[in-house]
Amino acid sequence: MPRVDIGRMREHLRLYLVMGSVNCGRDPLMVLEEALQGGVTLFQLREKGADCLTGSRLHEFAQAARRLCHQYDVPFLVNDDVQLALAVDADGVHLGQDDEPAAHVRSRMGDKIIGVSVHSLTEAEQAVRAGADYGGAGPMFPTRSKLDAHPVQGPELVRRLRAGGASLPLVGIGGITVDNATNVLQAGADGIAVISAISWAEAPREAAQSLRSILK
Ligand SMILES: Cc1ncc(COP(=O)(O)OP(=O)(O)O)c(N)n1
Ligand SMILES: Cc1ncsc1CCOP(=O)(O)O
Ligand SMILES: [Mg+2]
């Protein structure tokens, strides 16, 4: 896959799947492939929780997930772990407020994608100054996928960021489903990021397709 065109960041953010090997009840690479067939536009490997992969098994899993994403021309990002992202030549990383600062990471990642979690206008402005390519705003709604999530702010967070002048590409995350995704987009997000709405769906391809259909 050629180097990701950052000018197309908003398009890539449309339907963003975040997932690790423990976020689904069956073979995660099969779930990922079905999700890609259903129209996912960006993927983040977020390997967290009990029984998650580490070391060489995580490295191999990341390589396989990257290969699969690239077969579908979808950029592949790694959550938190800059070293792993560099080792598998990922297209970028996603960093939280407690992770390595984006400004430090930029020198090592060159022009790859750097996403930063934002919970306020101040954090969004800092993210822009640090050279972030997009912000992940959340949680939009209650989530069971992140035990240490910040308090729910709802789509109102995205609305406040836009009203305050934040123009960076933004994706909403946290508890997003087909039933509430429109609220996130109407608030001004460029896209939605989901774990369980796709990863735990009985039919991930159809779940992704349903989400895609409301993103048009
Ligand atoms: C797109 C996106 N937005 C936010 C997050 C959360 O990142 P962080 O706050 O660092 O929490 P962890 O995911 O690391 O637990 C994300 N991963 N992706
Ligand atoms: C990683 C993350 N960051 C904020 S909420 C969240 C979890 C999103 O998972 P789900 O889509 O299952 O609520
Ligand atoms: Mg993090």
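Glycine is treated like the rest: Cβ placed from N, Cα and C.
Annotation source TrEMBL lists domain 'Thiamine phosphate synthase/TenI' at 15-198.
The Cβ neighbour count for Arg46 (4-amino-2-methyl-5-(diphosphooxymethyl)pyrimidine binding site), using a 10 Å radius and every protein chain shown, is 23. What TrEMBL records for Gln44, Leu45, Arg46, Glu47, Lys48, Asn79, Ser117, Lys146 is 4-amino-2-methyl-5-(diphosphooxymethyl)pyrimidine binding site.
Under the DSSP three-state reduction, Asp99 (Mg(2+) binding site) is assigned to coil, being neither helix nor strand. Within the same chain, residues at least 6 positions away in sequence whose Cβ sits under 8 Å from that of Asp99 (Mg(2+) binding site) are Asp80. Among the features that TrEMBL reports, Mg(2+) binding site is placed at Asp80, Asp99.
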Least buried by Cβ count (within 10 Å) of the binding-site residues Lys48, Lys146: Lys48
Those binding-site residues in Leu45, Glu47, Asn79, Asp80, Ser117 whose CB falls under 6 A of ligand 1, listed in sequence order: Asn79, Asp80, Ser117
Chain-internal residues, separated by at least six, CB under 8 A from Leu45 (4-amino-2-methyl-5-(diphosphooxymethyl)pyrimidine binding site): Met19, Gly20, Phe61, Ala62, Ala65, Phe76, Leu77, Val78, Asn79, Ala90
